[in-house]
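First comes the structure, then the notes that go with it.
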Amino acid sequence: GGVPPATDLVLGATAGCLACFLTNPLEVVKTRLQLQGELQAPGTYPRPYRGVLRAAVAVCRADGLRGLQKGLAAGLLYQGLMNGVRFYCYSLAEDAGWTGYPGGTVAAGAVAGAVGAIVGSPAYLVKTHLQAQTLSAMAVGHQHNHESISSAFKSIYQQHGVVGLWRGVTGAVPRVTVGSAVQLATFASAKDWVCEHQWFRKGSWAAVLAAGMVSSVAVAVAMTPFDVISTRLYNQPVDADGTGKLYRGFLDCILQISNKEGLLGLYKGIGAVYFRLGPHTVLSLFFWDKLRNM
């Protein structure tokens, strides 16, 4: 590296935020697709959102073009916290020499991701709530009806205290841990594979983009079920004491979705997850690399 961990923290956070600005519309679409038909058998519910592109058009119709940037402030806060912490922890692991051991990079990436997810969880909770909010005709999932990001934090805190802000974190940790580990494990080998087949010049951004898109297939397949679960846990309505009204927790959520929506229910929004992952990964890496070289 040669870059101190604190600098990595700032650069990682900045890179994540720049990427987030460009990929947030896909987050909005993904949230809607994942909440659509919640705990209902396939084919028994209206589907205002069908596929990534048509869903994006539907969001624009209901909420205007600005609707595609719903939850952006919360998304930026999450990316800043999550990636800052993630890059910082990863940098510490590198400095401690952990990444030198076999499997060390994957383990360090997974742990760094988990810590990042815990720190960023309240921001992700609010982001999910804001992105799900829309006109009643197009509404899917529970509607929390927050006025703004600050009032969202305030009302959750007033009703459920500090614990309420970390609700749904049990879905977030496996989501990021699995995503981080699979991404780190596949990204480097995907890059080598792309260059070996001489599609692109080694070290060119085209090679990195292609590697990002290849590695994202693995990440999307591994991560989407966890992504659906965390969206559902974050968005579910809760009792006064903070107990979820739909799901008791992580395992209950998996079981209920697979029983009522079928196994494919766990893959809702995979298109949006994939289209977001490739560019997001690559943009983050691109901005991070460029910022480090400045």
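Cβ atoms are placed via backbone N, Cα and C, with glycine included.
Bear in mind that the values here come from a model prediction, so they are computed numbers and not experimental data.
According to TrEMBL, the repeat 'Solcar' annotation covers 3-96 (among others).
What TrEMBL lists as repeat 'Solcar' is 100-193 (among others).
If you look up TrEMBL, you'll see 203-294 (among others) marked as repeat 'Solcar'.
For 205-226 (among others), the entry in TrEMBL reads transmembrane segment. Through the fold, the transmembrane segment (205-226) approaches residues 171, 174-175, 178-179, 182-183, 186-187, 190-191, 193-195, 199, 254, 266-270, 273-274, 277-279, 281-282, 285-286 of its own chain, all at least 6 residues removed from its boundaries and within a Cβ separation under 8 Å.
Cβ atoms under 8 Å from those of the transmembrane segment (269-288) belong to residues 11-12, 14-16, 18-20, 22-23, 26-27, 29-31, 33-34, 51-52, 55, 83, 87, 183, 187, 205, 208-209, 212-213, 215-217, 219-221, 223-224, 227-228, 231 of the same chain, restricted to positions at least 6 beyond its ends. According to TrEMBL, the transmembrane segment annotation covers 269-288 (among others).
Averaged across the repeat 'Solcar' (100-193), pLDDT in this predicted model comes to 93.
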